[in-house]
Amino acid sequence: MFADFLLDWLSAVPGFAVPFALAALGLLVIEKAGVLSLGAEGFMLVGALSGIGAILGLGSQPLPALAVSAAAAALLSVLFSFLVVSLRVNQVIAGLSFVFLAQGLTGLIGTTEGWVNRPVEGLRSLSLIPLVDIPVIGPVLFRQDVVVFLTVPAFAVVAWFLTRTLTGLRLRAVGDGPDAADAAGIGVARMRYGAVAAGAALVGIAGGYLSVGTARIWVEGMTGGRGWIAIALVIFARWQPWRALAGALLFGAIEALIPRIAAVGVQVPQYFIAMIPYLATLGVMIWTCLRGNGGSLEPRALGVAHLREDR
Amino acid sequence: MPETAPAAMILTSRTDTKPAPKPDPAAPGRRTRRLSVEIRQHAPGWLQAAALAGGLVVGLICAAALLVAAGVSLSDLAQEFVVSILTSPESLAAVLTQAAPLSIIGLAAAIAFRVRFWNVGIEGQMIGGAIAATAVALADLGPEPLRLVLMGLAAALGGALWMLGPTLLRLRLGLNEIISTLLLNYVAFNGLLHLLYGPWRDPESNFPNSALFSSPERLADLGWQNLTYALPLAVVLMLAGWWLINLSRFGFLMRVAEANPRLGRAQGLPMTGVVLAATLLSGALAGVAGFAICAGVEHRLTQSFAAGYGFSGILIAFLARNNPLAVLVVAFAVGMLFVAGQSLQVFYQIPSSAVQLVQALIVLCVAASDFFIRHRLRWID
C-alpha cells in the first residue's frame, strides 16, 4: 500500500517539476546577463496560452505547440528588453507590469477566441524501452513524456554554455560588470536582448508545458504563481543551474503530493494544502537567507541598466 | 519610486559633450553616424509634462487598439469610458465609489515606496484586513454605535499583521520583500477561501460568501446616489498622508530612509524603526481599504473583492509620484477604468483582466516616457 503510494507519487514528480525547472533555467539565463526578470509569471502565462492556441487555432501537434509557446514568449520579451535595456525603465516596475500585461492579454485573447476549458490531447508519455523494465525506478524515471526527458539535457547544455563557451563567458561578464564588458568590446545591449529572448523562450516552454503537457486545458491565470516560485528558486539555487534543478524537483514533489494527500484519506482542509507551495517557497527563501551568502553566483550588476555614457 | 536618478549617476555622467558637428551629406558609403544617449541634468517643466502626456496618450492608444481588436467599436469605447461616466450621475457615483478604496491602496503603496519597500502584497493585506473586520462584525463585538470603528481598527490591525512577516524578514534577514509579499497574497487568498467555503459560508443562501452585515456594520450613506462615508474617509486619509509625508518629522525620516539610510544610521536616526513603521502603516492602510470595500460596497466578505487591486495600488502610487494629493486624482481616473471595465465585461464579454492590461500598458508607456526626461538623444559622428 505504502509502496504503491510512493511509486505513484514519485512517478508524478518529474511532470510537476518540469515547469519549475524550465522556468528557473530560463530565468537563470536572463539574470546571468544582469537583467532582473520579475515578469516570469507573465512569460509563463503567454507560453501557456499560445501552446493551447497553437493546438486549437492552428491544429498543431503538442510538440510544435511548445515551440509556438517559446516563440511567443521570446517575441514579447523583445518588448521587455526594449523597455529595460534600451529605455532603461526601472526593472522592477517593468517586470511587475509585464506580469499584469500578460495576465490581461492572455485573458483577453483566450476568452475572445473561446479557448477556455477546451480539453486537448496533450503530450503522450514515452517509455524508454529497455530501461522502463527496471523494477521500481524504471517506471518512475523512464515512462515520462519527451519534455521530461529533454529537461536534464537542457540543464547540461545551459550549464556547459554558461561556463565553457566564449559566448557564455561574455554573457556572464555582461551580468557581472557591464562597464568592463563594454570596454572589452562586448555588445552589452545585444547580449542582454539575446539572453532575455532565449531565457523567455525557456520560461514560455515551461508555461506551455503546464497547459499542453499536464493540464491539457487552458484557464485564465493558470500558472498560479509558479513564475514567482521559479524566481525564488533561482535565488535559492544561488544562480547555479544544477541547484535550480534540485529545487525544482523539491517543488515538483510538493505539488505532486498535494492531490495525493486527500486521496489517501488524510483530513486536512484543502485550502490549507493549497497554501503549501507558497509557504514552502517562503521557507526555502528564509533558509537561503539564514545560510548566508557564501558561494552565491549572483550577478553583481543584476537589475542595473547599462549606459556607456554613465561612466 | 525607489529609483529616481541616483546621485552617483549624475555626478559621473558626461553631460557637456561638445555639440555634434553637422554630418557631411557628401560623404557616401560611410555609416559612422550613431545615436548617442546623454544624461540630462535638468528637464524643463514643459518637457516633463509633455513626456508624461505623451506616455499616457501612447498607452491609451495601445489599450484602445487592443480593445478594438477584441471586438469593441471605437465609438462604444468612447461612450463607455468617457461619455457615460461624465454624463450620468449613477456612473459618476460608481467611479467615486471605486476611487475611495483605490486611493487608500495608492497611499498604502506610496508610503511603502517612500522607504524603498516594494509592497506587492496589497491584495493579501486587504484580505487580512477584511477578514479581521468581518470577524468583528460576525461576532458582534462591542456596542453597536462603535461597531464600525472597531471593524476599521481591526482591519488596520489585520493588514499590518499580514505585512509584519515580510517586513521583519526584510529587516532581519534581508529577504526580498517583492517575493515574500507576493507569495503571501496567495496564502491570504486561500485562507479567505477556506473561511468562505467553511465556517463563514452564508447560512441563508449557502453561497461561498459571508452573511450580510447588519446596518450598524455598514458604512452609512452620504445621501447622494449610493455614495458612502468611504469617500470622506479616503479624502481624510489622503490629507493625513500628505501631512505625514510633507510636514511631519516622520516624513523627514522617511525621506532620509529613501535617499540614504546609511547616512541616517550614521547620524543616529532610527532607520530600522522608520522602515518598520512605514511598512506596517502601508499594510494597515491596505487593510482599511479592504474594510472600505466590504463595509461600504459589498456589505459582506466575498471571494474576489480584492482581485486586481494590488497592481492598481502600485500603478496609482507610480503615476502620482508618491504624492497623496495626486493619488486622489489618479485614483479617480483608475476608478473610471474600473467602471468602464465592468460594463465592457457585461456588454461585450471582455474579461475583467482587460482592466489590468490597460493599466499595465499605461504604466509601461509612462515609465518609458521617463527616458526622454532623463536622457537626450543626439546623432554623433
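We number each residue from 1, going along the chain as drawn.
Backbone N, Cα and C atoms are what each Cβ position is placed from, and that goes for glycine too.
Database features, via TrEMBL:
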TRANSMEM  A:12-30  transmembrane segment
TRANSMEM  A:42-59  transmembrane segment
TRANSMEM  A:65-85  transmembrane segment
TRANSMEM  A:92-110  transmembrane segment
TRANSMEM  A:146-163  transmembrane segment
TRANSMEM  A:193-211  transmembrane segment
TRANSMEM  A:217-237  transmembrane segment
TRANSMEM  A:244-265  transmembrane segment
TRANSMEM  A:271-290  transmembrane segment
**OP:** With the transmembrane segment (A:244-265) as the reference, find which of A:12-30, A:65-85, A:193-211, A:271-290 contributes the most Cβ pairs under 8 Å.
**Re:** A:12-30
Original post:
Hey, does the transmembrane segment (A:92-110) touch the transmembrane segment (A:12-30), meaning at least 3 C-beta pairs closer than 8 angstroms, sequence gap 6 or more?
Top reply: no
Subject >> Top Cβ-contact partner of the transmembrane segment (A:193-211) among A:42-59, A:65-85, A:146-163, A:217-237, A:271-290 (pairs under 8 Å) >> reply: A:65-85
Subject >> Folded-back contacts onto the transmembrane segment (A:146-163), same chain, C-beta under 8 angstroms, at least six residues removed >> reply: 14-15, 18, 21-22, 25, 28-29, 32, 63, 66, 123, 126, 128, 169, 171-172, 202, 205, 209, 213, 241-242, 244-245
Original post:
Have the transmembrane segment (A:42-59) and the transmembrane segment (A:217-237) got at least three CB pairs under 8 Å, pairs 6 or more apart in sequence?
Top reply: yes
